[in-house]
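Asks: Sharing the features that TrEMBL gives for it:
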type	residues	note
TRANSMEM	20-42	transmembrane segment
TRANSMEM	62-84	transmembrane segment
TRANSMEM	91-115	transmembrane segment
DISULFID	CYS153-CYS186	disulfide bond
DISULFID	CYS154-CYS170	disulfide bond
TRANSMEM	233-254	transmembrane segment
Amino acid sequence: MHYYRYSSAEVSCWYKYLLFSYNIIFWLAGVAFLAAGLWAWSEKGVLSDLTKVTGLHGLDPVVLVLMVGIVMFTLGFAGCVGALRENICLLKFFCGTIVFIFLLELAVAVLAFLFQDWVRDRVKEFFENNIKSYRDDIDLQNLIDSLQKINHCCGAQGPEDWDFNIYFNCSSESKSREKCGVPFSCCIPDPAQKVVNTQCGYDVRKKSKNQWDDQIFVKGCIVALEAWLPQNIYIVAGVFIAISLLQIFGIFLARTLISDIEAVKASNAF
């Protein structure tokens, strides 16, 4: 009499297609980020002259968009193909990268809490470098303007920081019409004015500091962000927890699928 051994191990279709669905969203989001970044670069002529990237001393927001897009596209692709083809190498790459990103986020959060003074100095330095390049890149300009308008702030520590920019510097050698002024995003908006006055910051810093309060925001953006964080700590914590749970869920799906595939391969070896 012959006895046949039937394998009870199998790959769960639920986990397989749930992981595929999870990753297809990341992959499509990555495609969207890449498309937006490349379109923005083409509008600025960077694709025809890559030296424009290195010529900017501040942050080019498009670079950040492209980096996020590349990471999401790569992870989404690896997760989708790994799940559909039951490829352990791709699944381990996806899982390992998600674990690395999760641990990196956790480490940054802990270090930022423990070394607040050092983080504050780096943020100040970063903001000042971007002030210097304010007129060099339209995307950077829009980013700083949005930050100042939303937070009702001006400069890193205050309006005087705009001396770092050659166009707004109060130096007697400057020939710029914006000399000793601030960008329009520093101005206190007038409710009666429907059209934005882009020249409202001209010559503001030529006046005495007592007169600044009536026309521009005098609070620095770093101070504004430090004040904003405690007031919205639950929102920040909620976003961080939501992102962490999504990452943990992806890790769980990938590890479970890897275990199923390995169990099936082990059972087929006998």
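Counting starts with 1 at the first residue shown.
Glycine is no exception: its Cβ is also placed from the backbone N, Cα and C atoms.
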Asks: Please figure out which one of 20-42, 91-115, 233-254 racks up the most CB pairs under 8 Å against the transmembrane segment (62-84).
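Replies: Looking only at 20-42, 91-115, 233-254, the most contacts with the transmembrane segment (62-84) come from 20-42.
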Asks: Name the residue among the disulfide-bonded residues CYS153, CYS154, CYS170 whose Cβ has the smallest number of other Cβ atoms within 10 Å.
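Replies: It is CYS170 that, of the disulfide-bonded residues CYS153, CYS154, CYS170, has the fewest other Cβ atoms within 10 Å.
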Asks: What count of other C-beta atoms do you get within 10 angstroms of the C-beta of CYS186 (disulfide bond), across all chains shown?
Replies: 27
Asks: Sort out the residues at least 6 away from either end of the transmembrane segment (91-115), same chain, that have Cβ-Cβ distances under 8 Å to it, and list them.
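Replies: Beyond its ends, the transmembrane segment (91-115) has Cβ neighbours at 23, 75, 78-79, 82-83, 240, 243-244, 247-248, 250-251, 254-255, 257-258, 261.
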Asks: Cβ under 8 Å, sequence separation of at least 6 from the ends of the transmembrane segment (233-254): give me the contacting residues as numbers and ranges.
Replies: 15, 18-19, 22-23, 79, 82, 91-92, 94-95, 98-99, 101-102, 105, 109
Asks: Using Cα coordinates, what distance in whole Å links CYS186 (disulfide bond) and CYS154 (disulfide bond)?
Replies: 5
